[in-house]
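Noted in TrEMBL for the protein shown:
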COMPBIAS  13-22  compositional bias 'Basic and acidic residues'
DOMAIN    49-488  domain 'Major facilitator superfamily (MFS) profile'
REGION    1-22  region 'Disordered'
TRANSMEM  45-62  transmembrane segment
TRANSMEM  98-117  transmembrane segment
TRANSMEM  129-147  transmembrane segment
TRANSMEM  153-172  transmembrane segment
TRANSMEM  184-203  transmembrane segment
TRANSMEM  209-230  transmembrane segment
TRANSMEM  305-330  transmembrane segment
TRANSMEM  342-362  transmembrane segment
TRANSMEM  369-391  transmembrane segment
TRANSMEM  397-423  transmembrane segment
TRANSMEM  435-454  transmembrane segment
TRANSMEM  466-484  transmembrane segment
Amino acid sequence: MSTPPSIPTTPTEKQKSSDENARHGLQIEEAEVASHAPSLRGRSLTAAVAFVAGTGFTLFGYDQGVMSALLTANKFEAMFPEVIVEASHPNHATLQSFIIAIYEVGCLFGALSNLWVGDRLGRRKTIGLGGFIMAIGAILQTTSYSFAQLICARIITGFGNGLITSTVPTYHAEMSPAAKRGRLIMIEGTLIVLGVTIAYFVTWSSAQWRVPLALQLIFEIIMITCIGFLPESPRWLVRHGHHAEALAVISAMEDKPISDAHVQRTYYGILEAVAVEFPGTSGGDKASLRELLTGGRSQNFRRTVIAVVCQMFQQLTGINLITYYATILFQRLGMSDVNARIVAACNGTEYFLASFIAYALIDRVGRRILMLVGAIGQCVVMVLLAILGSINNAPAQLVSVILLFGFNTFFAIGWLGMAWLYSAELSGLRTRAPTNALSTASNWTFNFVVVMVTGPSFSNISWKTYIVFAALNAAIVPVVYFFFPETGGRSLEDLDVVFALAHNEGLDPVEVSLRKDVPLAGSREADEILGVDPGARYYTVCKGMPTSIPGGEQP
């Protein structure tokens, strides 16, 4: 199979390449496409991808919640007395935060490693590698007999999770239809909470602490096994020259024949995105970190910064104040150890159910509105928690418990799955893997900061900690409103057109993203916006496919 020629960048090259393309099309045999057809199609394929992605994020949530719930377990404290906070050992508050936060350090390095391995291995292999590393970490955690071993095991587990969380949203976004992408990826956020909730219920029982830690292996085995049966992302396949396989996957995703107009438009949109972002190559080379700082039509720097800030905001909301310290917070509000565990489990259950609100709304109202509603609601809740914390009587404590449920609800609506979805959608194909690596690294960096600071903060300034997070949530609102473009309802390639059009016309990308007249990727109008020469377009010659691209352009 021949490799597609690159899109020329100078007038002379354009003229030469136009004649070249007239003589040489991209020859793909129908039989070759059929040989790469996935065993699943349509809804079955979409459901299978969602299941594997969801398993990865359920594992993520479980691993977060299990350590939070174990911190006050008697048998866990007996094995690791370093986590017991008491007057005779004031430094144990830091150690208690450290055993949780060190996991985020591993996640950070795992996410950053995706800068080098993500595009080289592909989405599926990276997810499988992350699951394998997590399994090793889970075994080491389960067999820990010292605080030092537990710390090392947490770092290893986190490294694997960093690979998974920086790859799964990208894979899921690239394997999802534009109209359903928001709902499908928001499921990942829902399943994070499911994992947390399962951890609360498991550790609330009388099971030895080693059993809850070992249960991580179930999710890891399922994910590693199932990912082997799924196809690779068509974007990654086109980028690396596997055109027949990419076309087969797109056909299976849409459950339509390769001659279908929508299948062709999707394929040509990806093909041209590769041509624009990988000029002069077959698409196999990888973006350098320096390219993330570029502007122009691609607006790489702007898109990278927004993705990084979005993931940072998710952590600065203060959600892990509750996720990691739920049982301790409820104990501070006057509950016994048993009652605190029961309420924490109920809190996780309500959190899980609230996440379905975002699932129902995400593709109807868009990303920006949900982020704004979430941040405003979270700010109000934090202000009320601070006021009630200063009063600190029985009625105030009761209302504070209810407000902690309310905070989870607003976070589930606006930020739970949103940060993962939005960051995966925002960047172009060439920089998608490194941008998601950096944005996920941002998430884990600020996750670490929040978790490390929260324990000592409550010990030193008590209820005033809520004021800090109220201010941070308030700051999120104007940044989202003025700088975060709307990504809902568009294909990943359509977003390239949005940013290119904003650059060409000197407009704000937020303003352009809200317009209804932006041309679709793959059309002649989009070609002109992206700077692609229509005479140098690629045409696929395949039995059963029409001789024109959707939109009327003749080869």
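One-based numbering along the chain as shown.
Glycine is treated like the rest: Cβ placed from N, Cα and C.
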Mind pulling out the one from 98-117, 184-203, 305-330, 397-423, 466-484 with the most Cβ pairs under 8 angstroms to the transmembrane segment (45-62)?
184-203
Between 0 and 100, where does the mean pLDDT of the domain 'Major facilitator superfamily (MFS) profile' (49-488) sit?
85
Counting Cβ pairs under 8 Å that sit 6 or more residues apart, are there three or more between the transmembrane segment (342-362) and the transmembrane segment (397-423)?
yes
Under a Cβ pair cut-off of under 8 Å, which of the recorded stretches 129-147, 209-230, 369-391, 435-454, 466-484 contacts the transmembrane segment (397-423) most often?
369-391
What stretch, picked from 129-147, 435-454, 466-484, has the most CB pairs under 8 A with the transmembrane segment (209-230)?
129-147
Would the transmembrane segment (305-330) count as touching the transmembrane segment (466-484), i.e. at least 3 C-beta pairs under 8 angstroms with sequence separation of 6+?
yes
Assess whether the transmembrane segment (305-330) lies in contact with the transmembrane segment (369-391), where contact requires at least three Cβ pairs under 8 Å among residues 6 or more apart in sequence.
yes
